[in-house]
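Worksheet: one structure, shown below.
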Amino acid sequence: MQFKNALLATALLVSVKACSFLPDYPCCQPGAEVVYVDETGNWGVENGNWCGIEPEQPTSGASCWSLPDYPCCNGNDIVYSDESGDWGVENGEWCGIVKQATTQKTTQRTTQKTTQKSTVQPTKTQNNGSYTMKPFEAVCTVNTDQTDCVEAWKQCGGAGMEEKCCQAGTTCKGSEGYKQCEPDVNAELRPATGKGPHGQKWCDTCTVYNEQDGFLWGWEDGKACEIKMCECNDILNNDYMDWEHEYPIGKKVGTTTRYWDCCKPSCSWPEKALVTQPVQQCKIDGITPITNYSAKSGCEGGESYMCLNQQPWAVSEVLSYGYAAASIEGLTEADWCCRCYAITFTEGPARGKQLVVQVTNTGGDLGANHFDLQIPGGGVGIFNGCSTQFNTDTDGWGNRYGGVGKRSECDILPEAIRDACYWRFDWFLGSDNPAMVFDEVECPIELTQNTGCIHK
């Protein structure tokens, strides 16, 4: 019975990934008989051992709305939705969820709040209004004296045994005859030790990828990992006072993604909008301006590229400036080119923080109220001008969509844009396409002095 409980606890991950997520429990052979069903999926038994039964592959008649060169998913785990439908990620690549698949999109839930956020504002420097972000270091100060606790599914009491503390994410449960440490989302916060309560490695960051039965999961180095509830508690439950927001909190609901394709911005072409000048474009060095706004994009064999200073930076703990491609409901490119919008993130580690962006680009693959944030190392996407500008491979830095997966991978980026890659993990706290609300604001001069573009 204890063995089965351990199996079920370990199997809390997304059902369509059960086999690959659980190296100790292989996939069953095709056609295996279903002998047990739980919230994670179907299970079989082969050679006396449990095995996971993969969901059926999409049939040839399955309807999939992926863009060209993007296949239908084998499973049905939704990680992103837009106007075309639902999307998943398999083998590190985007794929479309078949319409016939029955899906359930999970929501995030954070751990209990136990401390108050400091109201001390960071010191700003005098030269450019920005300040230096320190890399995020998870600090857990709750019950730090209790680190030598019993592992999950091990005995912690009963039968006259003095009850012992349980590892992070677990609670001592059972009868007077036998008690063991079992996963418990409401467990007392405690520093992470050993492996997570479900047998997987602890995540290095606090970036939430999924939530299952109240437990938070991350995704690092191509594998699922367990979020450190104690170390990440403060950052996942951070609250900001109204006075800390320098810009109004918008009421329009939107979505975000990220990219850095090195291509000439769409708003750099002439006559896109009524502006003082098109968005500044640069030569292949990313620094020297090109005044011929009809110059062909470097993504199409031309000489025009995105200027390297059109990258995000932190102004304070709460506020950053940056640039984005956008598509806004009810407006056209002539309306949004070179206008600025205050984005307030409503989920994920950066919840409550604000990013003011100037729109310099657009994209045919963007949905309504969709802002694609320009973040170096955020993925080259459909077009990859970085292969000619910086001699990257076909997928740029990291994955073609999503880019690098952790802060240390930013080290491979050119020095001129490396800090903005770090920004994603330091100020943005590794947030992964968080939801947000937004509204139009007057453009800060710090943004327009880089683009030279002001909407009239």
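A Cβ is built for glycine as well, from the same backbone N, Cα and C atoms used for every other residue.
Note that TrEMBL annotation is computational and uncurated.
The signal peptide annotation in TrEMBL covers 1-18.
What TrEMBL lists as domain 'CBM10' is 18-54 (among others).
The annotation domain 'CBM10' is assigned in TrEMBL to 63-98 (among others).
The annotation region 'Disordered' is assigned in TrEMBL to 106-128.
The feature compositional bias 'Low complexity' is assigned by TrEMBL to 106-126.
Marked as domain 'CBM10' by TrEMBL: 189-228 (among others).
Annotation comment: TrEMBL describes Asp261 as active site, nucleophile. Taken residue by residue with DSSP, Asp261 (active site, nucleophile) is part of neither helix nor strand, so it is coil.
Secondary structure of the domain 'CBM10' (189-228), assigned with DSSP and counted as helix (H, G, I), strand (E, B) and coil, comes to 0 helix, 14 strand, 26 coil. Within 10 Å of the C-beta atom of Asp261 (active site, nucleophile) sit 28 other C-beta atoms, taking all shown protein chains into account. The domain 'CBM10' (189-228) scores a mean pLDDT of 87 in the predicted structure.
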